[in-house]
Amino acid sequence: MEAASPAGPDTPEPLAEGAAGEFSSLLRRIKGKLFTWHILKTIALGQMLSLCICGTAITSQYLAERYKVNTPMLQSFINYCLLFLIYTAMLAFRSGSDNLLVILKRKWWKYILLGLADVEANYVIVRAYQYTTLTSVQLLDCFGIPVLMALSWFILYARYRVIHFIAVAVCLLGVGTMVGADILAGREDNSGNDVLIGDILVLLGASLYAISNVCEEYIVKKLSRQEFLGMVGLFGTIISGIQLLIVEYKDIASIPWDWKIALLFVAFALCMFCLYSFMPLVIKVTSATSVNLGILTADLYSLFFGLFLFGYKFSGLYILSFTVIMVGFILYCSTPTRTAEPAESSVPPVTSIGIDNLGLKLEENLQETHSAAL
């Protein structure tokens, strides 16, 4: 009979191997949670929207600084005209309940309010720069995110988890880092003549953007992308056209037109048109809140291009800010929100399965099925 070997010295090795195995398993789970194909695709789509916003900012700044052209309503009017010519025309040639006239008979007043919110959101944010500082605009513009989350809670019945609030806080921390970098670089010295009016305009514009985005998510997910863009194009053209004649006719008459100015107007319109056309596609597979978190990097792209175009000073805090915002965005997209449908509701049946991050949920279900099979 063999003697039993002493267990003392050999005991820690299996424990260490087990701990290392659990740690590596945890890392694999985190990697599989945060770096799925859906999240990577969402990041790419969100940054594409940020680049479109960056394009509108750069062209507007070129027009304002190099050619002294400040016509935000004219620039928006051209974009709404493009939406009208393409998407409203598509609705006009449809048949049945998706026809333009049928939609107008049933919901014309709702789309007037939506068009008004969208037009004025674009206008008041641009006007706010005349009264307040760049720092105030960047900080207060984030007010739209909690407003958007609150509206999604009550209107879309979105239900958030703790990770979502942490992710939003991380993104806002990244914005604060960006603003700090602006202050250190001396980009906050363009204070206007009435800061309070400017701050109120920023808060109003952020709230109107939140209203427009919630309506967009509702229409895109329960109706269609073409209906949203067609109706916004129709009423946005009418409202911005009327406002254009009232507030900007003198500015337009004084524009020294040449091919460079015309090219900047065309570039702005194309960037804005791409933004409006692609944003519903991204919202459909994610949510309005996640899209707004993703496009927080638009100001950073504008800063990076401004280093070469406008002589901005570089700061390492810009890189840190971009990294922090992207970490918060990934955290938000890593866990799908759920939808709590009301017990008794008069709204039409939901065509989706009741979650925002649809692609992420499908990937999780596929992974669970594969694990169960193994």
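Here, residue 1 is simply the first one shown, and the rest follow in order.
In case you wondered, yes, glycine gets a Cβ from its N, Cα and C as well.
If you check TrEMBL, you get these features:
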type	residues	note
TRANSMEM	39-64	transmembrane segment
TRANSMEM	76-96	transmembrane segment
TRANSMEM	138-158	transmembrane segment
TRANSMEM	165-184	transmembrane segment
TRANSMEM	196-216	transmembrane segment
TRANSMEM	228-247	transmembrane segment
TRANSMEM	259-279	transmembrane segment
TRANSMEM	291-310	transmembrane segment
TRANSMEM	316-333	transmembrane segment
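Pairs of Cβ atoms less than 8 Å apart link the transmembrane segment (259-279) most often to 76-96, out of 76-96, 138-158, 165-184, 316-333. The stretches the transmembrane segment (39-64) and the transmembrane segment (138-158) are not in mutual contact, being linked by fewer than three Cβ pairs under 8 Å (pairs 6 or more apart in sequence). As a quick check, the transmembrane segment (165-184) and the transmembrane segment (291-310) clear the bar of 3 or more Cβ pairs under 8 A, pairs 6 or more apart, so the two touch.
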